[in-house]
Amino acid sequence: MGNFNFLPLVSFASFVVVLVLVCAQDQSGFVSIDCGIPEDSSYYDEKTDIKYISDAAFVESGTIHSIDSKFQKKNLEKQFQKVRSFPEGKKNCYDVQPPQGKGFKYLIRTRFMYGNYDNLGKAPDFDLYLGVNLWDSVTLENSTTIVTKEIIYTLRSDKVHVCLVDKERGTPFLSVLELRLLKNNIYETASDSLMLYRRWDLGATGDLPARYKDDIFDRFWMPLMFPNFLILNTSLMIDPTSSNGFLPPSVVMSTAVAPMNSSIEQIMVYWEPRDPNWKFYIYIHFAEVEKLPSNETREFSVFLNKEQIDTTSVFRPSYLYTDTLYVQNPVSGPFLEFVLRQGVKSTRPPIMNAIETYRTNEFLDLPTDQNDVDAIMKIKTKYKVKKNWLGDPCAPFGYPWQGINCSYTANNPPRIISVNLSFSGLTGQIDPVFITLTPLQKLDLSNNRLTGTVPDFLANLPDLTELNLEENKLTGILPEKLLERSKDGSLSLRVGGNPDLCVSDSCRNKKTERKEYIIPSVASVTGLFFLLLALISFWQFKKRQQSVKTGPLDTKRYYKYSEIVEITNNFERVLGQGGFGKVYYGVLRGEQVAIKMLSKSSAQGYKEFRAEVELLLRVHHKNLIALIGYCHEGDQMALIYEYIGNGTLGDYLSGKNSSILSWEERLQISLDAAQGLEYLHNGCKPPIVHRDVKPTNILINEKLQAKIADFGLSRSFTLEGDSQVSTEVAGTIGYLDPEHYSMQQFSEKSDVYSFGVVLLEVITGQPVISRSRTEENRHISDRVSLMLSKGDIKSIVDPKLGERFNAGLAWKITEVALACASESTKTRLTMSQVVAELKESLCRARTSGDSGDISFSEPTEMNVSMTVDPGVLPQPR
């Protein structure tokens, strides 16, 4: 549990208030870029008076587009009228040098609106990087969706690199890029960066967010109002100089929410993060907006996850002044909840004015060695290189600059080892800057217009093994050292196509014919000696490298077999028998876990196990079972998962669990499972095909939230007792994609088929294979298709539901399920389409009837409720 800090109130003289208001108009710490507007153009935004400039000076690639005219509405912010897209290259970057550089804290914001600018009608999905580290993924649902990504970051250098990385799911683009200078003494955390999760203006009556000029830092405060809450407000200014530094705007702090019923004793705000391992920092802003009579008080205690904030016993908001409670250490878990509980002596209920929540993002990847960066940037400037050379030369891994190759070793910055500038229009002499690229192994300067002599310093690059200077205009005599290295075999040297370049003294004054020279290596005793020495060194290097690679993937998540025995209490309790081995109950650091012991007959080898674990450790989603740790010791292999103790979807459908799922619960569980699969297909790199989607692999927690299990395992392990079955055909009869099964090739559409079958089970409550039916109607898809063709939806839906379902929605979901379970992959939906259909249906199901749930649920996953029951939460202390 993190401690909270309480920022006391400090009053300032009126002239300080005036000074702050004047500063509120100051944009000196702002960089506001409208991507896609003409070069050197600028304008002032009509609503905010912020000056926006063209992005042309900050990027060297991309194409400019206007969004579709039908989306250019009057109320659309001007910044979304144009975009810059990046159809070429895997990584494209913006380089921005803000007014204050290294060591200063900035709010960095990117905004995206597709607007069907390319007339393809398909919104893209791509990754967003800050420097060399993944910031977030950008997923747009449709043409009018506006996605905003915001991060608070202390600069490590004078420049900010914002990069878009193509995931082959549509062309990356950018609408707006904004930087806002913050005070270094606010949002102070141990984390490198804070990604905005939610920022709410509670009680705001408008639809638009508050921002600059109301907020001097131009933060977006989204309006949020809860049903059955009372809005409190004041026309007086909330003093923005209350000295906590956060300075939430007066327009935000002048409204608050409180329970409408005076008998309500508490407000509870909670949400379930998609990943229980996410770490959050929370900031709650309070200001009393009512002038209370002397005989009345408003005081309350604040709890986070049932523990009281470590301040005084009760908190009393100050009239017209802002106080901020914030968590000093990050909090995490599957369920985050903070409660405002009315004090015993209080005559007024609790209030809230504003909330900010941020998620940590540990930026662990290292940028390229600074010496190499300086050198390659000098080369770029010297030769006016016309390549997409922005951002980091080597990182992120897999996305180096065009013509650049790098070496990557653990805990060390990447180094540039190869530079290919052939056909780059280079002119002038070979610059001495190349000698500063000390790890350089390959240098290709061929097919340019370089002049002058070949410099001696190239022979002094210790690791250089290939040098190509062909087809230039070089003159003079080839340096003796280079010639010697070529002869002894330590350097592959190409200098053909330089008519005035002499490779020996005899041709000093002789014009050579235009031909290709490839200087052969000389087979000599010395050459053999160096070759043997190189082979020995290479063998030792590979041996060391192999010894490193066979170590634990992540020591923090690696457990010895003896620890597994202890965690499971010597394998005392068996939870179940999975396809890959038994699953045991365990307790790890006070938390329940499920340990899957992979049977010795199922393991395909350590390399496959390592690759599987390495992939699974990176997969995090609220609808996927979280992998907590692993073990590989000798022939013992185990995977440690979070514990889900409420059974599987199969238990509910088969009647093993006596509870009957309502229609809405079935839709929610189906949506959860679909979202998990959609993440495996589109949110993982490389994509993961589950290959064994079925109800028993969909676990249900106590809140009836579904989580997919056993994803990925079928790629590296065979089913126990079925060791002769190819890993390519893992799956369960009835759920197997018939088209791919026959070819033994599986894809995402194979999972779509299996999910369609599961969805039919959820709708009907019937088994997949019916032995009592004729051969052509044994499979559930055949039976449902036949009944649907007769227009009899009631005979399709599970009779246990009675009349408690929407026939129109049932018809629609049945059609979705059959479209998924189509025998032809071409006619099947994608999981993204399935998720969209289920979301819409669930929304309609919830609005068409009264669920009896008193909580208010936002699509943002945050919920608020009021209660008068003091027993469910801790008492004030």
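Here, residue 1 is simply the first one shown, and the rest follow in order.
Placement of Cβ uses the backbone N, Cα and C atoms for every residue, glycine included.
Here the candidates are N261, N863, and Swiss-Prot annotates N261 as N-linked glycosylation site. In Swiss-Prot, the feature N-linked glycosylation site is attached to one residue out of N420, N657, namely N420. According to DSSP, L575 (ATP binding site) sits within a strand segment. Sequence-distant contacts of the repeat 'LRR 1' (439-462) (same chain, six or more residues past either end, CB-CB distance under 8 Å): 372, 405, 407, 415-430, 432, 468-479, 481-482, 484-485, 494-495, 497, 501. Neighbours of Q577 (ATP binding site), defined as other CB atoms within 10 A of its CB across all chains, total 11. Outside the repeat 'LRR 2' (463-484), and at least 6 residues removed from its termini, the chain residues within Cβ reach (under 8 Å) are 417, 422, 438-456, 490-498, 500-505, 508, 516, 519. Around L575 (ATP binding site), the same-chain residues six or more apart in sequence whose CB sits under 8 Å from its CB are V583, Y584, Y585, A594, listed in sequence order.
DSSP gives V583 (ATP binding site) a strand state. Q577 (ATP binding site) sits 15 Å from Y641 (phosphotyrosine), taking the Cα positions as reference.
Cβ neighbour count for Y641 (phosphotyrosine) (all protein chains, 10 Å cutoff from its Cβ): 22. Under the three-state DSSP scheme, Y641 (phosphotyrosine) falls in the strand class.
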